[in-house]
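Taken verbatim from TrEMBL:
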REPEAT    184-216  repeat 'WD'
REGION    235-266  region 'Disordered'
COMPBIAS  242-252  compositional bias 'Acidic residues'
REPEAT    367-399  repeat 'WD'
REPEAT    409-450  repeat 'WD'
REPEAT    495-536  repeat 'WD'
DOMAIN    768-835  domain 'Small-subunit processome Utp12'
REGION    853-893  region 'Disordered'
COMPBIAS  863-876  compositional bias 'Acidic residues'
COMPBIAS  879-893  compositional bias 'Low complexity'
Amino acid sequence: MKFAYRFSNLLGTVYRCGNLNFTCDGNSLISPVGNRVTVFDLKNNKSDTLPLATRYNIKCVGLSPDGRLAIIVDEGGDALLVSLVCRSVLHHFHFKGAVHSVAFSPDGRKFVVTKGNGAQLYHAPGRRREFNAFVLDKTYFGPYDETTCIDWTDDSKCFVVGSKDMSTWVFGAERWDNLIYYALGGHRDAIVACFFEADSLDVYTLSQDGALCVWQCDTPPAGLRLKAPSGWRADLQRREGDEDEEDNEEEERAVRGKAAPAAEEQQGKVRYSRLAKYFFNKEGDFNNLTAAAYHKKVHLLVTGFASGMFHLHELPEFNLIHSLSISDQRVASVAINSSGDWIAFGCSGLGQLLVWEWQSESYVLKQQGHFNSMVSLAYSPDGQYIVTGGDDGKVKVWNTLSGFCFITFTEHSSGVTGVTFTATGYVIVTSSMDGTVRAFDLHRYRNFRTFTSPRPTQFSCVAVDTSGEVVAAGAQDSFEIFIWSMQTGRLLDVLSGHEGPISGLCFNPTKSVLASASWDRTVRLWDMADSWRTTETLALTSDALAVTFRPDGAELAVATLNSQITFWDPENAVQTGSIEGRHDLKSGRKELDKITAKHSAKGKAFTALCYSADGQSVLAGGRSKFVCIYHVREQILRKRFEISGNLSLDAMEEFLNRRKMTEFGNLALIDQDAAEEAGVAIPLPGVKKGDMSSRHFKPEIRVTSLRFSPTGRCWAATTTEGLLIYSLDARMLFDPFELDTSVTPARVRAALRQRDFTRAILMAFRLNERKLLQEALESVPWDEVEVVSSSLPDLYVEKVLEFLASSLEVSHHLEFYLVWAQKLLMAHGQKLKARCDWNRYSLRFALAVSQQRGLKRASEAPGSEEEADGSDEDDESLHLLGAGPGDADGLRP
């Protein structure tokens with residue numbers, strides 16, 4: 001097996017912090033999730049996480065007007081210039097300070113960032129090849145406190161900046177003669193948002209205390225006059241002009257001088273006047289305004305509040321259109337799509353993301369991750385669904401294809417400790433610290449069984465046998481294992497013998513044997529067919545933390561507290577091997593740790609363990625940012641994955657940051673960010689406003705559960721960042737093989753005009769833009785397809801076939817694409833066949849399993865339920881290999 005697993009998607013978390021953005025077509029939503037960015041395709045109901053990450057949590061995202069580029073800035077001031085077309089990072093930049101917001105100008109030529117108490121204007125990276133993509137044009141000062149928000153005029157001539165010092169500043173993007181800057185007051189709290197009116201210099205400003213000010217400008221945008229150059233700029237223009245035109249020289253000399261006072265008074269400066277002031281909190285209840293967005297075409301103002309409410313108003317009359325409470329946490333970000341129909345809300349407290357269609361008053365998207373960390377996960381037998389359980393007591397089922405959660409079960413009243421699917425894939429069994437084990441039906445989406453113990457106890461793990469009839473759960477406080485019947489819900493047996501908490505349970509996939517791991521340094525094997533008698537007791541050198549069977553049931557792996565993974569033969573109770581993982585896990589150092597990570601005993605043990613689908617490798621993780629894959633037979637480390645590089649999490653750095661150490665202690669003990677949301681600003685003595693209990697902390701990075709997909713194509717891990725999926729099926733959108741500056745869309749079309757079809761197709765696949773690929777392939781005449789297909793290199797044959805397979809479903813040129821497929825297979829079929837022999841053997845194996853189960857059912861007494869279950873399992877085994885239900889006859893060789 002080649003371990004070319006790449007990060008594929010991020011589930012379980014839909015929004016963390018930062019600002020939301022709609023794409024230019026209004027059909028997709030860009031949401032920052034920790035230090036990653038997820039794109040939600042609302043039209044096709046899919047989510048996709050970009051394969052890039054920042055060093056800290058993302059603070060703000062700026063999207064270019066054409067939707068091709070995005071500037072992503074994290075909390076540390078590091079910026080990434082990202083191409084959303086090829087999903088890759090184009091440039092790295094550091095702003096040397098915390099950035100609060102970033103916004104492109106409507107013409108796409110410039111962008112502004114708010115940093116500290118000023119604003120910086122940069123030349124936006126264009127389509128030209130540039131060595132430095134971020135070129136500083138001007139720096140604007142004026143506010144006395146941190147700047148918070150930006151907005152541009154429609155003609156990109158001016159921009160407005162709001163500040164925490166309760167003032168709003170209008171700046172000119174060019175050197176205007178009648179507008180250099182203009183300061184607007186009138187508020188009694190920090191400015192949250194400021195907006196220009198469409199095709200006007202009129203401004204709306206909103207403050208945190210719920211006040212809206214409407215400012216009217218006496219000058220239209222067309223009335224702005226460019227300031228005449230003076231000094232060396234005028235000399236430069238004079239040298240570049242025609243030297244023999246004396247009239248122009250006289251005019252330039254006149255411009256360099258001071259204008260007459262009468263002319264200046266006549267022309268005048270830009271002036272603002274306040275037309276009205278409105279208040280959102282009319283009832284007198286104090287409710288902070290936290291986010292706002294304005295759509296200039298439909299004059300729609302959306303405001304979000306700390307109580308979870310939002311209001312829709314029509315401006316400038318301030319008519320209330322709609323008001324609704326969507327959460328009990330503060331609304332952190334608001335965005336409106338280009339048509340003005342959909343409104344996106346992000347609530348960072350609970351990790352909620354909602355898209356609301358305000359005209360029909362319905363949800364387009366309503367997603368929420370786990371409030372606390374996820375603890376466990378399980379794949380469905382067909383690999384299509386993933387179920388996760390969290391410390392918040394919720395059980396969520398995710399679709400791996402779309403990336404969305406489609407059902408949430410909230411019956412547990414405490415943290416969920418274990419989740420698993422039955423063999424049919426339609427029942428989920430979960431264990432919880434509330435003393436119950438529950439079974440959920442995915443057909444009717446209900447809790448149809450609740451298993452309890454005679455005495456209240458906390459369950460730490462759960463397992464279901466291959467038939468789905470027996471449910472086992474381990475207790476954390478009574479050291480017992482409880483066995484129930486799925487059909488009746490009755491308690492069948494209580495297994496005693498362990499002298500410590502049960503840390504893991506696992507049924508043998510091929511036999512009726514249950515393995516239980518405990519902190520008493522033993523693993524016990526219980527025989528279900530022999531009245532649950534203990535057949536073997538495996539003595540370990542340390543506390544057992546995880547246990548799992550190989551898919552064929554011939555081997556058992558155990559992770560212990562001394563950082564070892566031991567392998568056992570369950571039949572003979574003989575240890576067959578061990579792996580020392582002490583130096584592979586490499587846990588990081590916390591900010592408050594007194595000793596180094598190298599000498600720390602914490603986090604040096606694997607707490608999650610699972611076999612790969614073929615049983616040749618084992619996946620292990622723990623309280624670290626690394627996940628290790630070991631080869632079982634060779635007992636060597638194959639690959640180590642770094643699941644996160646987010647420095648906003650604790651235990652990420654290997655060494656101590658000496659800059660935070662003072663003679664009075666560590667600066668990490670001081671909650672510096674308490675005043676960002678609703679907390680009390682600690683540096684200001686005597687402050688009484690805010691929530692005294694509000695505290696910020698850095699969650700520790702850890703891996704709580706690992707599972708391989710039954711298909712073997714991907715594996716998933718529940719971490720502090722969310723549910724991470726690593727896949728072999730990562731789509732390749734940009735192939736830099738033999739790519740140079742000469743490979744451009746214009747060169748591709750030039751090659752097509754010259755009828756050099758092979759070169760055009762190769763360049764199109766290197767650029768990997770779908771429309772360009774379609775244009776290149778469809779430009780080839782049908783009678784030349786055979787010649788072109790035979791001249792393609794082997795590296796690109798599979799790519800062409802993949803493109804043809806995806807295009808056959810949507811294209812009208814069915815016969816043309818079939819001709820392409822036929823000629824490619826005739827020219828390169830032998831080489832492709834040599835790589836695809838494994839598929840033939842997999843289908844033979846599926847048929848053998850199907851026939852064996854059919855003979856087994858025929859020998860047993862017929863029962864309606866058993867027959868139905870058996871047929872479902874046969875269909876699932878075939879579906880797992882790419883065949884649909886009922887296709888067994890068509891697969892016979």
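Each residue, glycine too, has its Cβ placed from N, Cα and C.
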At a C-beta cut-off of under 8 Å, are there same-chain residues at least 6 beyond the repeat 'WD' (367-399) that contact it? List them, or none.
11-15, 350-354, 405-410, 412-421, 423-425, 428, 430, 432, 434, 440, 442, 699, 702, 704-705, 707-711, 713-714, 716-720, 722-723, 876, 879-880
Pop the mean pLDDT for the repeat 'WD' (409-450) in here, whole number is fine.
94
List the helix, strand and coil residue totals of the repeat 'WD' (409-450) as derived from DSSP.
0 helix, 24 strand, 18 coil
Helix, strand and coil totals (DSSP H, G, I; E, B; other) for the repeat 'WD' (367-399):
0 helix, 19 strand, 14 coil
